[in-house]
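Since the structure comes first, as structure tokens, the remarks are kept for the end.
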Ligand code: HEM
């Protein structure tokens with residue numbers, strides 16, 4: 001049985017623009033020439049492109065997460081919590097997007113990674129400026145982590161500036177204080193959040209009576225969501241790393257999996273986890 005060939009469909013017939021000479025097209029608006037020519041494998045290994053794109057897309061999502069976190073912090077500082085809820089919810093979804101991305105990278109075996117591992121030399125996600133900035137904004141401020149950026153004033157400067165301003169959680173503590181809870185500001189901003197008995201007690205009060213403190217209660221849960229997804233990212237990362245390099249040292253020079261397992265113990269918002277034992 002034969003069927004008559006259909007005439008080729010031309011979307012121009014229904015008005016699609018087909019000529020972009022002198023006009024802004026999709027690729028122009030999105031800067032795709034720059035993005036799609038930014039992959040430069042240094043070996044002949046088939047899987048190196050996967051490795052590069054996985055990191056680049058992660059960095060793009062981190063850029064958006066920073067944009068959302070910065071705006072959420074501004075809204076919280078202004079006492080305008082509802083837009084901040086939406087932004088923090090988006091950040092949690094971004095973390096989940098990054099979590100799903102490991103499924104693609106997991107298809108790379110240790111044998112395949114070894115084919116281009118020498119090309120990376122000493123470069124490592126350990127030197128990710130944006131990852132460190134997310135940690136600093138959230139409040140995990142370890143000034144030792146400035147080291148890999150010391151040769152770049154344009155990167156070390158913003159990290160140092162960030163460590164000198166109230167973290168996202170500092171602004172949340174200020175909201176607790178405004179609501180009448182006895183929660184003093186942290187004495188030092190350039191250190192990781194330490195568990196604080198007064199803040200823990202204040203949160204326990206909020207969680208014992210959510211109806212009375214709904215906005216603070218919702219804000220706390222948004223932060224816990226964010227940290228929950230962040231923890232899953234760390235766990236997926238360390239599991240993928242063990243699967244690909246075992247217990248070898250990292251390209252960044254740390255002990256590798258042992259270092260990353262230690263990072264699993266990082267707690268961004270200790271009071272918000274501690275209060276749960278008090279209810
Ligand atoms: C096969 C893939 C990967 C391997 C074998 C790997 C390995 C490692 C190792 C061993 C470290 C510890 C530092 C070091 O000594 O190098 C590390 C840190 C890190 N990696 Fe990966 N990684 C992989 C994929 C990724 C991807 C896709 C990202 C996404 C951006 C990423 C982001 C990071 C970050 C942000 C750190 C610093 C973590 C911290 O200091 O808490 N890694 N990686």
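Indices start at 1 and increase along the chain as displayed.
The backbone N, Cα and C atoms fix where each Cβ goes, glycine too.
Note: TrEMBL annotation is automatic and uncurated.
What TrEMBL records for this protein:
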type	residues	note
BINDING	51, 52, 53, 54, 55, 113, 117	substrate binding site
BINDING	237	heme binding site
Inset, instruction - Could you work out which of the binding-site residues (55, 117, 237) has its C-beta surrounded by the smallest number of other C-beta atoms within 10 A? - result: 55
Inset, instruction - May I ask you to report the DSSP-based helix, strand or coil state of residue 237 (heme binding site)? - result: helix
Inset, instruction - Compile a sequence-ordered list of residues in the same chain as residue 52 (substrate binding site), six or more apart from it, whose Cβ lies below 8 A from its Cβ; state 'none' when nothing qualifies. - result: 39, 40, 41
Legend entry - Neighbourhood of ligand 1 - binding-site residues from 53, 54, 55, 117 with Cβ under 6 Å: 54, 55
Legend entry - residue 54 (substrate binding site), number of other Cβ atoms within 10 Å: 17
Inset, instruction - Would you mind pulling the DSSP three-state label for residue 113 (substrate binding site)? - result: helix
Inset, instruction - Would you count the other C-beta atoms found within 10 angstroms of the C-beta of residue 53 (substrate binding site) for me? - result: 15
Legend entry - the residue listed as 'heme binding site' and residue 51 (substrate binding site), distance between Cα atoms, whole Å: 13
Legend entry - Diameter of the substrate binding set by C-alpha atoms, the set being 51, 52, 53, 54, 55, 113, 117, in angstrom: 15
